[in-house]
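Novice: This is the structure I want to talk about, given as structure tokens.
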Amino acid sequence: MFREGPPSHTLLRLPLLQLLLLLVQAVGRGLGRANPAGGPLEDVVIERYHIPRACPREVQRGDYVRYHYNGTFEDGKKFDSSYDRTTLVAIVVGVGRLITGMDRGLMGMCVSERRRLIVPPHLGYGSIGVAGLIPPDATLYFDVVLLDVWNKADTVQVSTLLRPPHCPRMVQDSDFVRYHYNGTLLDGTAFDTSYSRGGTYDTYVGSGWLIKGMDQGLLGMCPGERRKIIIPPFLAYGEKGYGTVIPAHASLVFHVLLIDVHNPKDTVQLETLELPPGCVRRAVAGDFMRYHYNGSLMDGTLFDSSYSRNHTYNTYVGQGYIIPGMDQGLQGACVGERRRITIPPHLAYGENGTGDKIPGSAVLVFDVHVIDFHNPADPVEVTTLSRPPEPCNETAQPGDFVRYHYNCSLLDGTRLFSSHDYEVPQEATLGANKVIEGLDKGLQGMCVGERRQLVVPPHLAHGESGARGVPGSAVLLFEVELVSREEGLPAGYLFVWHEDPPANLFEDLDLNKDGEVPPEEFSTFIKAQVSEGKGRLMPGQDPEKIIGDMFQNQDRNQDGKITAEELKLKSDEDQERVHEEL
């Protein structure tokens, strides 16, 4: 695309052109020897031997035309040719600046039409002729091809060839545009194309950077729209033309494809494509978000997609980790929301672009699906779905052994795990690091029969790395139902008495009264206390293992038996430890 500037040459008016510009009055009628009937010609004979298929405009009186011609006599001898001068004739038709026969012969011509004109003497140079060039009473033969036609009353002609169904923005004055074009003269002669340079033409509209006709022709275009813009010379390069490719007085035809448009004053544009019901929280600066996206240029050219990597894009929002426009565009989003974020270049990759897929000064369009977001300070969100009808005085506490059913999914509804797949409840001792921290906290305080929804942030779940089947940094959604609960033991205890222990515990443990307690006697005694309801073991563990651990704790010299000196209750040990510390 050319800017306005000084031309490289000026159209020269050569001798015959001066002759053609003479206002000649035909003297006498002269005899035209080319009349097929043998008599004199009364008017110009027009032979249209090439007529273009499309003729949007025919020459009328007062039009400015550009054409090539060969002029010969009846015997074929050439007396003049514009081709020999490599300069077209450019002149106004029908106002007496041409010989009358040429004026008449050009009327009604179409661009690219070829005509043979037979001009009788009285419509040419009459009985006088032109000394040394055209004899008196000469019939003239012209082969003419019309290359251009326009009128001072013409305006820019705009034809929309393709208009996209979605038009987020139309070109206005002072906008910055990027477009491709093919430029031709009115007869189809190509003079320039942006495609050959491998890049769009980038410029401001209505700021004097373009020829006036292009400034006008681009107004109102949508990204992705294709237009044909015909510009008369006085709104293009006028009498001077441009270099060697655009002659003087040339109408120009541009086939334009608008790639994108923005204004330096533009901000991020947001369009909600889908908003899920029940949005109780919107993303704010400092949140960590996981989202999928398709990134395209304004004309629809895809440059990147998280879906192609089968992985969400994970980042902090409003912290400068992503381009400013995306930082702004993601704030205020809900989990599950789909939104379109249109980002002007100054909030994206600016004039330089990045890589080989995002050109300079490119407007970027992101179609985003927010999977989830959280804040590193978020606790577990607990929502009670239902409670048992009977009053609940005891709830699950740390140390309790619980059985529960659960369904686990991502916030976008993707199902991960369910205890119902195994037809038995999940089991866990609360506070024993047997389940993720967020689930442990969410189960605490529940009544048997209660149902809850838990939203667990990643730092209380599987963190940045995720786990098998769980993406990194994923917020988890649990629906849990507490099936049963067994009261736990105090920290550090494997067995507790429901009442005071026997006054002489060792004698009761020594079943055969031989002064020592082997593992079999120890196990028999503890099991008897549990079955009689006098004490209980830590719930949720293998009783044999717990009893074995208890025996090992009491067999202090590890000789396989417990003596009276070795046996000590944990409460006594704790008391001794306090005294030692004091």
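Quick reminder: no glycine exception, Cβ is built from N, Cα and C everywhere.
Straight from TrEMBL, here's the annotation block:
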SIGNAL    1-26  signal peptide
DOMAIN    62-150  domain 'PPIase FKBP-type'
DOMAIN    174-262  domain 'PPIase FKBP-type'
DOMAIN    286-374  domain 'PPIase FKBP-type'
DOMAIN    399-486  domain 'PPIase FKBP-type'
DOMAIN    497-532  domain 'EF-hand'
DOMAIN    542-577  domain 'EF-hand'
Novice: The domain 'EF-hand' (497-532): mean pLDDT?
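Specialist: Mean pLDDT, the domain 'EF-hand' (497-532): 88.
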Novice: Does the structure show the domain 'PPIase FKBP-type' (399-486) and the domain 'PPIase FKBP-type' (286-374) touching, where I'm treating 3 or more Cβ pairs under 8 angstroms (sequence separation 6 or more) as a contact?
Specialist: yes
Novice: Is the domain 'EF-hand' (497-532) packed against any residues at least 6 beyond its ends, judged by a Cβ distance under 8 Å, and which are they?
Specialist: 543-544, 547-548, 550-551, 554, 560-564, 567, 569
Novice: Per DSSP, how many helix, strand and coil residues does the domain 'PPIase FKBP-type' (174-262) have?
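Specialist: Grouping H, G, I as helix and E, B as strand yields 13 helix, 37 strand, 39 coil.
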Novice: In the domain 'PPIase FKBP-type' (399-486), how many residues does DSSP call helix, how many strand, and how many coil?
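Specialist: Result for the domain 'PPIase FKBP-type' (399-486), in helix, strand, coil order: 13 helix, 37 strand, 38 coil.
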